[in-house]
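Taken from Swiss-Prot as is:
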type	residues	note
BINDING	D51, D53, S55, Y57, E59, E62	Ca(2+) 1 binding site
BINDING	D90, D92, D94, K96, E101	Ca(2+) 2 binding site
DOMAIN	38-73	domain 'EF-hand 1'
DOMAIN	77-109	domain 'EF-hand 2'
MOD_RES	S1	N-acetylserine
Amino acid sequence: SSKITSILNPADITKALEQCAAGFHHTAFFKASGLSKKSDAELAEIFNVLDGDQSGYIEVEELKNFLKCFSDGARVLNDKETSNFLAAGDSDGDHKIGVDEFKSMAKMT
């Protein structure tokens, strides 16, 4: 998404996606892509892109397509990667990730 590439360096995104080829780990992706260094406002903008249906949450289907938000050619996360990602970010147990949970995940890396 052009919104994401206006916030993150495209070269960092490419590097982060290459690291995900063998397996997705959100902490490694957040660090390599530069997400972990972004301000709350920038993270909120990226969250809005990831929240495809604009529900205010990133749900399981949106988590599966997480990498595709950064590059159309990226792969879909498998079920295990998706459930691990959800478990890491869903601090209140509602089976979705809110904007504050997303910001916390980014800053924990």
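From the backbone N, Cα and C atoms, a Cβ is placed for every residue, glycine too.
As the structure is a computational prediction, the values presented were derived from the model and not from experiment.
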Other residues, Cβ within 8 Å of D90, D92, D94, K96, E101 Cβ centroid (Ca(2+) 2 site):
Y57, G89, S91, G93, H95, I97, G98
Reduced to three states, what secondary structure does DSSP give K96 (Ca(2+) 2 binding site)?
coil
State the count of C-beta atoms found within 10 angstroms of the C-beta of S55 (Ca(2+) 1 binding site), not counting that atom itself.
11
Using the centroid of the Cβ atoms of D51, D53, S55, Y57, E59, E62 as reference, list every other same-chain residue with Cβ within 8 Å of it (recorded Ca(2+) 1 site), in sequence order.
L50, G52, Q54, G56, I58, E61, K96
For the domain 'EF-hand 1' (38-73), residues assigned helix / strand / coil by DSSP:
19 helix, 2 strand, 15 coil
Rounded to an integer, what is the Cα-Cα distance in Å between Y57 (Ca(2+) 1 binding site) and K96 (Ca(2+) 2 binding site)?
6
Would you mind listing, in sequence order, the residues at least six apart from D92 (Ca(2+) 2 binding site) in the same chain with a Cβ closer than 8 Å to its Cβ?
G98, E101
Taking the Cβ of E62 (Ca(2+) 1 binding site) as the centre, count every other Cβ atom within 10 Å, in any protein chain shown.
19
List the Cα distance (Å, whole number) between D94 (Ca(2+) 2 binding site) and D53 (Ca(2+) 1 binding site).
17
Out of S1, D90, K96, which of these recorded positions is nearest E59 (Ca(2+) 1 binding site) by C-alpha distance?
K96
